[in-house]
Amino acid sequence: MQKRSIVTIAYILFLLLPIYWLVAMSFKTTNEILSGFSLFPETFTWENYAVIFTDPTWYMGYVNSIIYVTLNTIISIAVALPAAYAFSRYRFLGDKQLFFWLLTNRMAPAAVFALPFFQLYSSVGLFDTHLAVALAHTLFNVPLAVWILEGFMGGVPKELDETAYVDGYSFPRFFVTIFIPSIKAGVGVAAFFCFMFSWVELLLGKTLTAVAAKPIAATMTKTASNAGYELGLLAAAGTLTIIPGAIVIYFVRNYIAKGFAMGRV
Amino acid sequence: MKTENQRAWFFVLPVLLLVAFNALIPMMTVVNYSVQETFGNNLFFWQGLDWFQNLMRSERFHAALGRQFMFTGLILLIEIPLGVAIAMSMPRKGFWVSICLVTMALPMLIPWNVVGAMWNIFTLPDIGLLGYFLNHVLGIPYDMTQNIFAAWVTIIVMDVWHWTSLVVLLSYAGLVSIPEAYYQAAKIDGASNFAVFRFIQLPKMKNVLTIAVLLRFIDSFNIYTEPFVLTGGGPGNSTTLLSIDLVKIALGQFDLGPAAAMSLIYFAITLLVSWLFFTLMTKDDAR
């Protein structure tokens, strides 16, 4: 048992080292970073964070990212729920083909879609809006959400539906008040995956925005090349991008392992 | 038992419209470009299948494809066994489970360019933790902007850092779904640790492992941001993977025709290999 946990501990240390370095770097002054190696910040400073929280080009990046990630999660789950229900409960013409076609979109390289997406969203007048990024990310998130939700719904016995109809529930009322609560864990897991992909993706987010909806990730790359090499600032911005993910993962931690096992994920 | 009901199409309709808007229109744009030549000003000329033929003979494409397969192959060979091993060594219950799950999922939730930037800072030869340690404590000359081998090791280690947890979480979910009675029965039979792994744990993990292999294949094959931020495709072209090369051609040089032809072949290869993995790994279930 002792020998086993060493593997886990070593792995977690390996995961935390680069993160530690990023956080340590964010509390150093640019001078200290460039003057040489130091394991801990010698002159501890909040300067880098102060810049981010006072400069709108910085903090609006976070606001933009959070807006389109939230939009994307809501849209993806809203359209995936009825579709997953159809796939898990009914047979219909072309159902298997449709399911497979949906999944193939998850396999598309984002680089393939960068330019066509730019043209498509420009031509419908959505370029540089939060909605454009949110919609573009649904291409990858909706198939995954349908897949995860369908797995969870398959685990709910069909008798539940039938009993509800016998009790005089209409379909929408049954779906919202009985069915969705019974697959809460699945909705949590699916939402987590939507959040995760939309939060971490950069290529499409950057291609589809210019100023008004520019994600934080794009702000970072632009700053990195414009203002020379302000490593401390870059590290502080990077550290802040870890926080939303950490919060979300903390809330769904109990569902994740269970969710994977129950669903077909 | 599922009932036959054609009205189920209405439930699928929103998804269908949304994905069709996002997938079919851009795809048609790509197909359209792939058979035409343009000199700007929205003037297009019919080019037939020339771009595809050029691509088949292009050494640049072959080299990028080769690097891509090498990268993805190494990733799968390292991450899948490592992920399974770590999942097996994790605690099954108690306080530490949450801590393990949360820390392990953390790298997956960091934006991809931050991952690249973070590893860049981490590996800087004189001021990065890893770079300093290798160069000045161990005395191994290490600079991934100069040395091809170092650059490759760095992007592989970065991906292992970034994505092994996905394999761990999936395998772990498979492992905790095994009832305790199985292990008791194995103990009574005097089964060795290896036998328990081979005949109880592995079969139970098969479904989640199929997903893990598929997702790791797809994502590592389509990888763009992290290696681009970390190495920029260099030194030289040594770490220019397929997506990096594609973006260079499409958005850098604006060669729409060749880029579109490359996109289609790229997508086709991803689909084909995913299908192969899926069929091979699930063929026993069909019987």
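In case you wondered, yes, glycine gets a Cβ from its N, Cα and C as well.
In TrEMBL this protein carries:
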- A:62-252: domain 'ABC transmembrane type-1' (DOMAIN)
- A:7-27: transmembrane segment (TRANSMEM)
- A:66-87: transmembrane segment (TRANSMEM)
- A:99-118: transmembrane segment (TRANSMEM)
- A:130-153: transmembrane segment (TRANSMEM)
- A:174-200: transmembrane segment (TRANSMEM)
- A:231-252: transmembrane segment (TRANSMEM)
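Among residues of the same chain six or more beyond the transmembrane segment (A:130-153), those with a C-beta under 8 A of the stretch's C-beta atoms are 64, 67-69, 71-73, 75-77, 79-81, 83-85, 87-89, 99, 102-103, 105-106, 108, 110, 113, 117, 121, 179, 183, 185-187, 189-190, 193-194, 197-198, 201, 204-205, 208-209, 213, 215, 259, 262-265. Taking residue pairs at least 6 apart in sequence, the transmembrane segment (A:174-200) and the transmembrane segment (A:7-27) share fewer than three C-beta contacts under 8 angstroms.
Of the candidate ranges A:66-87, A:99-118, A:231-252, A:66-87 has the most C-beta pairs within less than 8 angstroms of the transmembrane segment (A:174-200).
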